[in-house]
Amino acid sequence: MVCSSRVNRNFRRTLLTVVRSSFGFYLPGLAPVSFCEKEDAKECQKDIQLFVNRLDSVESVLPYEYDAFDFCKDTDERRPSENLGQVLFGERIETSPYKFSFKADKACVKVCTKSYDAGSREDKLKLDFLKKGMELNYQHHWIVDNMPVTWCYIVEGNQKVCNPGFPIGCLVNQEGKPKDACVINADFNKKNTYYIFNHVDITIVYHSGDETNGMSPRLVAATLEPRSVKHSDEDSPSCEGTPMDIPAEFKSNLKVTYSYSVKFQQNDDIRWASRWDYILVSMPRTNIQWFSIMNSLVIILFLSGMVAMIMLRTLHKDIARYNQMDQEEAQEESGWKQVHGDVFRPPRMGMLLSVFLGQGTQVFIMTFITLFLACLGFLSPANRGALMTCAVVLWVLLGTPAGYVSARLYKTFGGENWKTNVFLTAFLCPGIVFVDFFLMNLILWVEGSSAAVPFGTLVAILALWFGISVPLTFVGAYFGFKKPGIEPPVRTNQIPRQIPPQTFFTKLVPGIIMGGILPFGCIFIQLFFILNSIWSHQMYYMFGFLFLVFIILVITCSEATVLLCYFHLCAEDYHWWWRSFLTSGFTAVYLFVYAVHYFFSKLQIIGAASTILYFGYTLIMVLIFFIFTGTIGFFACFLFVNKIYSLLKVD
């Protein structure tokens with residue numbers, strides 16, 4: 001009893017603490033950290049640790065760890081725990097030698113000096129790799145208090161741009177033309193010369209807190225300005241002088257001294273909950289997003305009007321007239337009513353179709369839940385890797401609906417080989433994705449990229465797949481096969497009806513090509529931002545827009561497929577099972593075409609390895625999107641066909 005009462009008291013105390021803290025805590029974000037000038041283990045901390053993440057480039061798909069380059073290393077290097085999403089995205093966060101004390105301004109502090117001997121092959125390789133990074137415009141990504149340290153600068157039109165990263169350095173080519181960041185300084189003018197940014201001026205902005213509530217200061221922004229400085233005296237650097245130039249030809253010994261300056265600024269106008277706003281200042285794309293949404297809504301209204309006209313006028317009149325006729329008169333009718341004896345005839349390759357639909361159901365539910373949680377803020381960019389981790393875990397746990405839908409539809413199609421159905425549902429599509437992913441990972445391993453998933457993580461993914469997803473798929477299939485097949489509303493004739501000659505627009509290929517245009521038109525603007533976040537390393541944060549576009553995509557795929565399905569049935573073509581799946585699934589082909597256009601028009605990727613990686617990962621996206629959109633179209637058409645034929649009175 002004493003133990004029980006103590007547990008109850010502790011529980012009530014904990015609950016009271018949570019309730020009190022919830023009034024001053026931003027729910028979807030991470031717990032705030034308070035800082036102070038004197039260390040207090042309970043209330044605040046004095047030391048500020050700067051973390052470094054992987055380095056990436058818009059000219060290469062291959063990211064590299066910070067340690068891959070010859071930068072200053074932390075003597076007490078440690079890595080914070082990384083979730084599954086961070087590992088899959090290739091994030092490699094580690095501590096750096098850049099350490100500060102709160103409100104302690106420092107000027108021109110030496111970090112380390114790197115020496116390169118012209119006679120050493122090892123030093124030559126290190127310097128060559130550093131030059132390659134500058135040539136391909138590889139970017140640092142630093143983190144302070146879970147915030148990206150941004151580089152803000154002014155561009156044409158007096159517009160402020162903040163980039164959540166800054167370059168290693170830059171290059172002036174043999175013609176004397178500066179590339180990338182070399183255009184910001186007229187002193188970068190030597191031909192065939194590299195300029196390394198070996199000094200950074202860091203500014204950390206903090207909110208002073210609220211003394212009445214006993215709140216300590218919190219960090220609300222972190223920016224820097226990279227500079228190239230040739231230190232005349234490496235022991236006591238002044239951080240002033242000519243840029244640190246590195247000749248393209250490595251003929252003499254070279255020393256590169258890294259340094260930093262840090263200053264703290266107080267700004268009580270920035271709240272901790274909105275401290276990421278300064279990072280998004282250079283992303284004023286809300287107007288474009290709303291234009292895309294309005295454009296999509298116009299398409300939906302058009303399709304909804306067409307569907308409403310068909311359902312309320314044409315179909316209602318047809319069904320009423322058909323049900324009032326005698327059977328002999330009805331036989332003279334044409335159109336969708338005459339194929340009632342064949343419209344539910346099982347499709348060819350019903351096994352494959354049921355497998356695709358089971359996997360599509362799994363992807364649909366996973367996507368919906370993930371985007372919903374992202375809208376609530378639980379999967380924000382501040383919580384690194386959370387989006388991918390959530391998606392993978394949900395996919396693993398949603399094996400049961402995949403197995404159930406696949407088995408139930410396969411039984412509806414009259415299939416009896418249930419073992420093959422369950423096996424293909426569990427392994428076909430995930431197997432294709434895993435093989436593609438593994439081959440891409442082999443390339444990353446060979447190239448020594450940080451994006452290469454470690455062998456242990458691959459084993460963990462396989463364990464999740466075989467240990468959780470596959471058994472859940474078998475459980476879902478067991479319940480699916482125990483249920484009777486979905487009973488069609490009309491009987492199916494024994495002898496198939498002959499399909500009359502079709503016009504050009506009601507044939508299979510033109511029909512599915514037209515079916516994917518409208519859904520793709522609703523998403524292509526949002527698709528641009530998604531591809532930018534993946535390949536151009538821009539931050540994606542507009543999950544509200546993305547969720548709205550997801551709903552619009554579902555509605556558009558459904559309505560476009562229902563319309564084309566109705567037109568094909570009116571042409572007395574009753575092969576609608578696969579056609580409904582392929583009609584909306586063809587949106588994935590437009591996605592692939594757009595990805596090819598994006599590669600050649602927007603990206604500056606060079607190298608065979610980066611090109612193979614781009615298209616390898618794109619094929620994974622296209623396959624998943626094909627199954628996802630195809631499933632939406634199929635079930636919309638399935639419900640439509642069942643509904644209209646259930647209203648017919650057929651003897």
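The first residue you see is number 1, and the count goes up from there.
Glycine is treated like the rest: Cβ placed from N, Cα and C.
Taken from TrEMBL as is:
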- 290-312: transmembrane segment (TRANSMEM)
- 355-379: transmembrane segment (TRANSMEM)
- 385-410: transmembrane segment (TRANSMEM)
- 422-446: transmembrane segment (TRANSMEM)
- 458-481: transmembrane segment (TRANSMEM)
- 512-535: transmembrane segment (TRANSMEM)
- 541-569: transmembrane segment (TRANSMEM)
- 581-600: transmembrane segment (TRANSMEM)
- 612-641: transmembrane segment (TRANSMEM)
Candidate ranges 422-446, 458-481, 512-535, 581-600, 612-641 - greatest C-beta contact count to the transmembrane segment (355-379) (under 8 angstroms): 612-641
Stretch in 458-481, 512-535, 541-569 most in contact with the transmembrane segment (612-641), if contact is a CB pair under 8 A: 541-569
Cβ-Cβ under 8 Å with the transmembrane segment (581-600): same-chain residues at least 6 beyond its ends: 353, 356-357, 511-513, 515-517, 519-520, 523-524, 527-528, 531, 535, 557-558, 560-561, 564-565, 611, 614-615, 618-619, 621-623, 625-627, 629-634, 636
